[in-house]
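Visitor: Before anything else, here's the structure in question.
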């Protein structure tokens, strides 16, 4: 009996029964999550949150003040102070001008308006401006209009293009070079003939851009070209004079020179 009592731990507990069970406790309990249905999720997401309602400030009407320079109204003093930077020409600082500033401006304006008196010079300037405004506008009749006349039928046209189109109707005349401008300068005079006494030839003085040689009658466009051409005739004349033994550029010899030359020739002949 002693062995059985020592081995059983519940032997000392009175009223202990073998049918009593102790509750079991879990060391790591887990919380259950409740799943929301689709209807509950849609209703919760679509429902708007209430926005805070801002009530108007009863003192806002007292804060809003107009600008003393331009009259614009602003809802806050901060905006009004920022707007006053747009008026740097004012002589005072802040929102409201000083009390004596308005009276001084009014007095200056009244004194300036009463003391202003137009001078005689200003009266003259005003009268001149009125005369210029009421004067007649000068017409363009005094201007000379350029006109072009057709040589074939003597019709007058106001432009060179109109005359060119008209000249196309004349089949006997090619081009429009026969037209004449009424306002152009008169034609140059005909060439004059001058007789050269040394050579007995007539020299023509041709006016205009054409330059004619008086020896071979060749025409050149410029005086420089004619001068270069004339050197050919001068060189030919010099060659002919050298062949004849007479140089026109050297002065004639005296009687003493001729006798000396003859004596020298005689001596050389011996």
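Glycine too: its Cβ is placed from the backbone N, Cα and C atoms.
The structure displayed is predicted, hence computed values, not measured ones.
Quick paste from Swiss-Prot:
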- 1-28: compositional bias 'Polar residues' (COMPBIAS)
- 36-48: compositional bias 'Polar residues' (COMPBIAS)
- 106-115: compositional bias 'Low complexity' (COMPBIAS)
- 1-64: region 'Disordered' (REGION)
- 95-119: region 'Disordered' (REGION)
- 65-87: zinc finger (ZN_FING)
- 148-170: zinc finger (ZN_FING)
- 211-233: zinc finger (ZN_FING)
Visitor: By a Cβ-Cβ criterion of under 8 Å, what residues six or more beyond either terminus of the zinc finger (65-87) are in contact with it?
Guide: 94-97
Visitor: Write out how many residues of the zinc finger (148-170) are helix, how many strand and how many coil, based on DSSP.
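Guide: Helix (H, G, I), strand (E, B), coil: 8 helix, 4 strand, 11 coil.
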Visitor: Mean pLDDT for the zinc finger (65-87), as a whole number?
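Guide: Mean pLDDT, the zinc finger (65-87): 82.
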